[in-house]
Amino acid sequence: MAFPSAPSALWSVSLLTVLLAAVVHSNIVYDEDPLQPVTSDETVSVGGTVTLTCRVAESDNSSLQWSNTAQQTLYFGEKRALRDTRIQLHRSTSTELSITIAEVQLSDEGEYTCSIFTMPVRTARATVTVLGVPGKPQISGFENPVTEGGEVTLTCTSTGSKPPAKLHWYRGDQELEGRPNVVESNPDDPTYNVSSELTLEVSRDDDNALITCAVDHPSLEPGDKRSEQSLRVLYSPKVSIRPESDLPREGEKFHLQCLGNSNPEPTSYTWEKEGGLPPLAKVDGAFLRFERLNKSDNGVYLCRAENDIGQDQGEYPLQVQAAENTADPTAMSTSSRVDHAVIGGVVAVIVFILLCLLIVLGRYLIRHKGTYLTHEAKGSDDAPDADTAIINAEGGHSGAEDKKEYFI
Ligand SMILES: *[C@@H]1O[C@H](CO)[C@@H](O)[C@H](O)[C@H]1NC(C)=O
Ligand SMILES: *[C@@H]1O[C@H](CO)[C@@H](O)[C@H](O)[C@H]1NC(C)=O
Ligand SMILES: *[C@@H]1O[C@H](CO)[C@@H](O)[C@H](O)[C@H]1NC(C)=O
């Protein structure tokens, strides 16, 4: 007996849930007294529009009325009572009086009252909370480029929020830890000014990095209000040397380029080589130029670059290759002979493998054709009963023979 009752209990619970959900969803919960007006609290941002709704479950045709925070009547039924064009009638029926307030100001915040002139008069209150929309954040504190290893302190401020906004710092997608938000208030201003400081020790990687300050506030969607500050960092050279080609050959025109990788660009470059630069190598700022490479140019080249921040040097070991067609015929032919021998060997192996495959394939095809022809006489391999199994046992001899031949 307990079994069938369980689903029905479950059913009534779920029905109750649906009903409750419907009541909660309508945002208005009717009181037991059907003439008691019902309202709801509202939150609106400065400049927005709020709708105040007052409903009764049943009506005895008594008029509904909305009054403002100063107890001034706004609407009495369909009749406008206050000369304020921001306030408009939204809906008036025997059971509902809804009004809208547009271009909401901070001074509109407070408790509004809905009354129904029954005997006695019944009232309900609705609290309107007005959010002060924070201003676009402003980042200050960065004017001039900073030398690597130095510190930068940025300040982000946002005015006019209510409740106080929260400020967050980011470098790209990564959140940075700023100092706790400082909230400023003022007795004659219901809004708050919020600020946050961020101190960064900058490295060369921070040059052109974007630092973002974003405002987090209930009146905003995430990412609505943010400001960016790009950093400029001065850093010393980190020299690398780039050859014109990776295989410099004797007799060719060639150059080495000294890359400073600094900010600002190096003010000077110095080229050196152990035992002195070759007389025909020409220094041209960041470039060292060779009109006609010669094996006597081989050696380790050194470039030193300098800017106002510091200096660095890099090395490049130059190894001039023999010219492509003119130089050293013995070396050339030896290497090509080796190449030919290797290619010939590979070709021979491939031909050998192909031949073997052809022989095996030929034999297999001949065998396979033989098996196919004798298959009917031999009978089925899968014996469905004892008689055929005996037949198969007799035929098993020839099957084994076939297998043996496949492996040749
Ligand atoms: C309210 O007024 C309507 C017509 O205006 C009338 O039909 C209805 O009976 C009235 N209801 C009550 C409860 O007086
Ligand atoms: C916020 O900043 C503005 C502009 O700087 C200023 O006029 C206002 O008085 C400040 N408000 C508070 C609460 O400090
Ligand atoms: C390289 O220099 C030597 C003398 O320094 C010269 O005899 C030779 O011809 C040069 N080789 C080339 C390819 O210019």
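Just so it is clear, glycine is given a Cβ too, placed from its N, Cα and C backbone atoms.
Taking TrEMBL as the reference, the stretch among 79-111, 145-177, 178-210, 376-408 described by the feature region 'Disordered' is residues 376-408. Counting residues per DSSP class in helix, strand and coil order gives 3 helix, 48 strand, 42 coil for the domain 'Ig-like' (37-129).
The domain 'Ig-like' (137-232): residue composition by secondary structure is 3 helix, 56 strand, 37 coil, according to DSSP.
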